[in-house]
Structure formats: structure tokens, C-alpha cells
Amino acid sequence: MLKLFSAFRKNKIWDFNGGIHPPEMKTQSNGTPLRQVPLAQRFVIPLKQHIGAEGELCVSVGDKVLRGQPLTRGHGKMLPVHAPTSGTVTAIAPHSTAHPSALAELSVIIDADGEDCWIPRDGWADYRTRSREELIERIHQFGVAGLGGAGFPTGVKLQGGGDKIETLIINAAECEPYITADDRLMQDCAAQVVEGIRILAHILQPREILIGIEDNKPQAISMLRAVLADSNDISLRVIPTKYPSGGAKQLTYILTGKQVPHGGRSSDIGVLMQNVGTAYAVKRAVIDGEPITERVVTLTGEAIARPGNVWARLGTPVRHLLNDAGFCPSADQMVIMGGPLMGFTLPWLDVPVVKITNCLLAPSANELGEPQEEQSCIRCSACADACPADLLPQQLYWFSKGQQHDKATTHNIADCIECGACAWVCPSNIPLVQYFRQEKAEIAAIRQEEKRAAEAKARFEARQARLEREKAARLERHKSAAVQPAAKDKDAIAAALARVKEKQAQATQPIVIKAGERPDNSAIIAAREARKAQARAKQAELQQTNDAATVADPRKTAVEAAIARAKARKLEQQQANAEPEEQVDPRKAAVEAAIARAKARKLEQQQANAEPEEQVDPRKAAVEAAIARAKARKLEQQQSNAEPEEQVDPRKAAVEAAIARAKARKLEQQQANAEPEEQVDPRKAAVEAAIARAKARKLEQQQTNAEPEEQVDPRKAAVAAAIARAQAKKAAQQKVVNED
């Protein structure tokens, strides 16, 4: 009896609220075995066939590809896609995909070469020796995703389960009408499906493994029981046929009695669910080394002559599959991808088959009935009775229609599985699922916008905080700079404090006066001399500053000096190269001396008439002195080369000596009348004084060497002496005036 009760508890199933029993319409396609479809000429492979971001392209236009070759790289939740056959990549461009609005997504377009060559396949028959991480990575890189309709990456799902999974559920319910892809797969490939289940169990290490299958699939149930006859680790649970018992939350409750919490996942209660087709794809990826390049697709509907289930390559155009099955379209033919309750109508037939495509339904005009007009809600609550998620579809309809997003969220519209049971039972023919889909899309867009706004606000606040910190740091630096004195100020303050302390120390010392001693004023005298030296140093700095603004162009002065030196050298060379027999004409020499004296007198008159404010450029004066010296040397050489019989005129010599002395005195007066700030080069002055003294001595020697017979005219000598005395007196007076 206890064993009976234990077996009853072990095989117990639960029932969920709501649900409907629509016509199954499965016998149209589940009676024929799986078959292959001829290769299409062109394949369109969308890069995104799963939940998550698209992968990174690793092929380019013109590349040759083989079947199973990766077209994208998968990182994180990015699942790679693979070439369904061998051929050439002819384009990488947006193309309409399996979507209610046929939205264009980036796709790789391949022209098949007809050879259908595989890449080298490396199967892991000994997968039990592989680590959990290696198996998960292989499943992910081989592109395996949930084939039941969600399209969630299987590797990511297994990784997220971790060690907290106690129950592994294999969903074999396939509850929606018309769809028989999983049914036919279990009938034809039951052993491979079970092998894939064992691989998943090896990765997750669950406490129990449950296969949930509806009782309307007797052939599949028989095949699974035959394969599991010798297995005690996998339990096959047959459940009543009820739509939507194949939903993840509903099947979890049916088999375990546990409910997935609101906003949570099945892994939160220790349950992980995989589809039958996913288990088969895992087996082919791990053991056979084949990426997912094809899947089972149901072709059904009264508009198809040969309904059944086929192996459809991913990327095959829908039109190609339907034509192979004998598609006979009517005038207003409808083609539905998926089932009649959860599927969507295709806007055109050139969309490709993707990983989540499980059925192509082409009903006739009478099969689904005439479309009926939407009417007003009568509040019959039939939708609430049929809802398997225990929601209030009537209220959600009003909130969705009135754009009341907050109230729709409060009434848990996110828990709607969009099964269509409410729309099926609605007597007013209201397309409730369409309203709910639109409302959830709008809420998702609003949340996305709020997320972006929050991120922008966070960035703005971070920027403001950074600017405030920088501003506070600048103010602190300014305050510190204002409080702390500079290095120069510190030195001045220290010197002032030292002087104050010295004065205080001197004030505290007693003054002792001794009789007969003189006061020692050496310190005072030294301080006075120091102040005078400091004043002279400042005056010299000011004079240098003023000289920098008033000096003549140094380049012009240098050029003039260079020209004078060149002329002097030229004259010296000419005189040195002259023949010794050639004699200098004394008359020409006398004329040149007279011209020089006239120029000197003219220069003296111009300088005497000049304004006293005008300053004499010492460099120009030096250049003129150099020119005068050169001319004097020339005259001296000419006189030395003259005939020895010719005697020097003592009167001319006296006049020239007087002129030289007058020029020397005038130069001294000009230097004395210059501004006190202007400094005369002492070396130049010494050179000029030495030259003047040399000229004077030379003239005196010439006078002493003159003939004694020749007498000087006393009147001319008296006149010259009077002129010299007058000039000396005038120079003395001018000097006194300048000193005052």
C-alpha cells in the first residue's frame, strides 16, 4: 500500500486554471515521416535569430563557405549563425525576416553551389570526459538556441542554471493546433532525443528528469517508452491535452506543482526547461560535431497538397518550402508562421526560415472561417475564465486601449504569455492579444527611454559633481596662495623682522659714555655708504634702461666703423706700396690740412649751435675719432716720406696743435655736458686721451726739430695764445655752468 501511495505521489500531476480545447488539426501532418527538401538556389541567413544581440561578422562578400562554417562570432549572449550549405557569399545587406511587420535585419545571402559540402566535423562521443564548461561553450559556439519558439541561447541558459537546478523538464507537450514538428521528431529520432537529454543532465546534474507529453501523441509516447525501457533516471509524464499546457509556467506547475514567482524565472524554484528539438540539436552539436543548420518544420493547411514535416535548412525562403509541398494559393491566401493562436501572418513569402520557425500554416478560405468585425466588450468575463495566467484580460484591454500604462503594469500585463486563449473565447471578436502585444511594446519603449534618461542624468550629475570638486579645489588653491607669502615676500619679511629684533636688542643695551672718548660712528658711516651704493646701483639700472631706448642702431654704427677701418687699411697699404723715390707734395698736404681744419671749425660751430638737450652718441664720436686718427696717421706718413730738406712750418704746427687741444677740450666738455645717466666707455676714453697726448708730443718734437734760423712771428703767436686762452676760459665757464 505504501508503495502504491509513493508511486501515486511520484506520478502525480497538477492542473492549472483556465485553458481551452480548440480543434487539434494535427492529423494532417503527423502521419508521414520526416523528409528532406531540395536545396534552394539562394539562402538568406539573418544574423539575429535569437534573444540578444547579433554576432560579429567573420565573412565578407565573395567568400567561399562550407556547410556548418560560422558566419558570425558569438560572445556572451551573442549566438553565432552558420552556413546552411556550401556556396558563395554574394551580399551582406538588410533583408525582411520572420516578423509580423517583416522588418529588415542584416543578413548574409549565399548562393548555393549544389555540392552541400560540410566543414571537418569533430564529434565528442566521449562527452562524459569533458568538463561542464567545455560542453556549454561547444553548445553555444555551435549556435544551439531554444527551438520551442523563444529562441533563448541554450548555452547561456545552462550557464545561468548553475548548481541550483533540481529538476530538468523536457517540454514535449506541443499543445498548439496544427503543429506536429516535435511529435514527428520523437517518432523518428527518439533515441537521439534521449541522448541529448542525457547530455543536458550531465551538464546540470539534476535530482530528477521529467518529460512532459500530451496524451494526443500515442506514437511518440510509444517510441519514448521503448527507448527509456532500461532507464530509471528519466521519467515520462503523460498529461491531459489542454491548451496551453505547453507553456513554460503551465507545464512546470503541471509536473511539479510549483509556480514560478511573479517577475522571476523557473530557475528560482530549481527548475530548468528545454524543448525536445533543443535536446536533439544538443546531441548533434556535441556528439556529431554539427552546428545547427536545419530544423524540423511543419507544412500544413488545406492550401498545401502534401502536408507533413520536413528538414528545412535555415535561411531557406518560405516560398521554396511551400512550392515543394504543393502550395495552391487562393486569391487572398494567408500564410501563418507558427500556429493559429500564437503565430503571425507573413506579409510576403520571401522571408527565410529561422531557428524559431516550427510551422508554416496555409489555410484555405473556409478552414479558419470568415473574419468577423470587432465589437464592443460586453464584460462577460469569459476571457478571465480562459486565461491560464490568472490575469484579467478585460481590464488589461481597457488599460491598453486607454494608454494607461501604469495600471496595465500594476495588473501584471508582463505575465501574459500571449497564448490567445482569451481572444479565442471572446464573443465580441476582440483581438485581445494584439492589444496586449502593442501595450507591452509601448511599456518596453517607455522603460528603455527612462533607462536612457536615468543614465544621462547620472552622467550629468557626475559631471556636475566633478566640476564642483574642481571649483572647490581651485578656490582652495587660491586661498592657500593668498595666505602663504611668496618667496621674495618671505625674504623681505624675514629681513624686516631681523632689523626689528636688532633695533630692540640695541634699545635694551645700556648706553655707556666714557670721558675723553669720541663716539664710534663707523656703523652709521658704513650704513650711509651702503645706502649710497644702493642708490648708485639703482641709478645705473635706470641709466641702462634709458640707454636701451635711446641708443642708435648698432648695426649702422658697426658698418661705419668697419668702413673707416677698411679705408685706413687701404691708405696704409697704398703708402707702404709707394716707391721710396716718390716724394709727397707739401702743397697738397697743406691743402688737406687746411680742409681738415675747416671741417673741424664747421663741426665746432654746429655743435656750439646745437641744443643743449641733444646728446652726443659716444659710438659716433668714437668712429669720428678713429677717422681723425686715420687721417692724422696718413699725414704723419706723408710727412715722414717727404724730402729731408723740407722743413716743417712752425706756425702751421702751432696752429694744428692749438686745434688739436681745442678739439680735445671740446670733447671733454661734450662728455661733461652729457646726461649723468649716460656712461662713457673708459677704455675708449683712455685710448683717445693717449692718442691726443701722442699727437701733442709729436708736434712738440717737430717744433724742436725745426731750423733755429727760422723765427716764429710774434704777432701770430700772440694771437694764437690769446685765442687759446679765450677758448680755455670759455670752456672753464661752460664747465662751471654744467656743474651747477
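Heads up, the Cβ atoms here are built off N, Cα and C, so glycines get one too.
These figures come from a predicted structure and were not determined experimentally.
Within Cys328, Cys419, Cys426, the residue that Swiss-Prot lists together with Cys377, Cys380, Cys383 for binding [4Fe-4S] cluster 1 is Cys426. Nearest neighbour of Cys377 ([4Fe-4S] cluster 1 binding site) by Cα distance, taken over the binding-site residues Cys387, Cys416, Cys419, Cys422: Cys422. Within 8 Å of the centroid defined by the CB atoms of Cys377, Cys380, Cys383, Cys426, the record's [4Fe-4S] cluster 1 site, lie the Cβ atoms of Ile378, Arg379, Ser381, Ala382, Pro393, Gln394, Tyr397, Cys422, Val425, Pro427, Ser428, Ile430, Leu432, excluding the listed residues themselves.
Each residue contributes its Cα atom, and for Cys416 ([4Fe-4S] cluster 2 binding site) and Cys426 ([4Fe-4S] cluster 1 binding site) those atoms are 16 Å apart. Same-chain residues with CB within 8 A of the center of the Cys387, Cys416, Cys419, Cys422 CB atoms, the [4Fe-4S] cluster 2 site residues themselves not counted, are Gly18, Cys383, Ala386, Pro388, Ala389, Leu391, Pro393, Ile417, Glu418, Gly420, Ala421, Leu432, Val433, Phe436.
Secondary structure at Cys422 ([4Fe-4S] cluster 2 binding site), taken from DSSP and collapsed to helix, strand or coil, is helix.
DSSP assignment over the domain '4Fe-4S ferredoxin-type 1' (369-397) gives 10 helix, 0 strand, 19 coil.
Rounded to the nearest whole angstrom, the C-alpha distance between Cys380 ([4Fe-4S] cluster 1 binding site) and Cys422 ([4Fe-4S] cluster 2 binding site) is 12. Between the candidate binding-site residues, Cys383, Cys387, Cys419, Cys422, Cys426, the densest Cβ environment within 10 Å is the one around Cys422. Counting other Cβ atoms within 10 Å of each Cβ, the lowest count among the binding-site residues Cys377, Cys380, Cys416 belongs to Cys380.
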